[in-house]
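K.L.:
Submitted below is the structure of interest, expressed as structure tokens.
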Amino acid sequence: MNYKLFSPYTIKDVTLKNRIVMSPMCMYSSKNEDGQITNFHLIHYGTRAAGQVGLVMIEATAVLPEGRISNKDLGIWDDSLIEGLHKATTFIHDNGAKAAIQLAHAGRKAELETDALAPSAIPFNETMKMPIEMSKHQIKDTVLAFQQAAVRSKQAGFDVIEIHGAHGYLINEFLSPLTNKRTDEYGGSPENRYRFLREIIESINEVWNGPLFVRISANDYHPDGLTVQDYVQYTKWMKEQGVDLIDCSSGAVVPARIDVYPGYQVQYAKHIKEHANIATGAVGLITTGAQAEQILNNNEADLIFIGRELLRNPYFPRIAANELGFELEEPYQYERAPGKISTNK
């Protein structure tokens, strides 16, 4: 029997062998605080590739040093960082998967000794530092940094780029009226709040012709914040600019209580897919093969982003295949150990 979860998926000239994506998750493991890939990262990402994930996405990787969430985040702000990232893509490719990278700037959520930057001088909460409102010069420099990061991503061998526009980081801060109180061309109307992301996409398109994803927070969980319907319009603009897929997460723009349950964010992937007519990725408490297969069969999303479940077991695709009764092609090195992997957590 054929299963959609294990069917190929092609975006532009990149074909994924299945619909399982390793969701980008910060590991805070650049131990020398220099943004460099370490041996841990090579093992971490390489193992998920060997575990038969279709697309392995490297964690949020800072386009500028001051754009890191922590001082142990990965970076792509300098050419000296390309070699390490290329080792990671080689590990991933050699183990049968495609490689993606999430380009990011933490904005006001950067927990560093340096000043935090944001569209407006509003802290995330009472315990975090007051950010500095970005000047137009700083905005232009950041747009350029995303473009340069895209060039380095290509040189490092990545197949896919994802722009991190979610979880209350810099791009998300520009998009949301809760965090963007500017009175210039980067604030006010939805068109103006989208301008920063528009310029980033434009700049990346000048140097990158591969698949381009954007991760969004499709719900601010605040009465004065953005909802999924607001993101339909944002997504239509992204699609016009050539974005290929929207990775639909939610929250973390402002402190909020979120009702979390299995597949709680799938509704956003479905809504964006239906109303903006674009491919989407579903993410958030998707933990079984049957659940993932149902999402795809219901046409609620095109790709399944798996996060913590892949931290629990890097061989999640094998477990999902066993659960569904699908015979997954194994790495030849493991063929001497056929049979089921335990699904015990």
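Each residue's number is its place along the chain shown, starting with 1.
Using the three backbone atoms N, Cα and C, a Cβ is placed for every residue, glycine included.
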K.L.:
Check Swiss-Prot for me: it has Ser23, Pro24, Met25, Cys26, Gln102, Arg215, Gly307, Arg308 binding FMN, so pick out which one of Ala60, Ala62, Ala252 it puts in that same site.
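P.N.:
Answer, per Swiss-Prot (FMN site with Ser23, Pro24, Met25, Cys26, Gln102, Arg215, Gly307, Arg308), from Ala60, Ala62, Ala252: Ala60.
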K.L.:
What does DSSP assign Ser23 (FMN binding site), in three states?
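P.N.:
DSSP assigns Ser23 (FMN binding site) to coil.
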K.L.:
Closest of the binding-site residues to Ala166 (substrate binding site), Cα to Cα, picking from Ser23, Met25, Ala60, Arg215, Arg308?
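P.N.:
The smallest Cα gap between Ala166 (substrate binding site) and any of the binding-site residues is with Arg215.
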K.L.:
What is the biggest Cα to Cα gap, in Å, among Tyr28, His164, Gly165, Ala166, His167, the residues listed as binding substrate?
P.N.:
20
K.L.:
Including all protein chains shown, what's the count of other C-beta atoms within 10 A of the C-beta of Met25 (FMN binding site)?
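P.N.:
Result for Met25 (FMN binding site): 16 other Cβ atoms within 10 Å.
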K.L.:
If I take the alpha carbons of His164 (substrate binding site) and Arg215 (FMN binding site), what is the distance between them in whole Å?
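P.N.:
Per the Cα atoms, His164 (substrate binding site) and Arg215 (FMN binding site) stand 5 Å apart.
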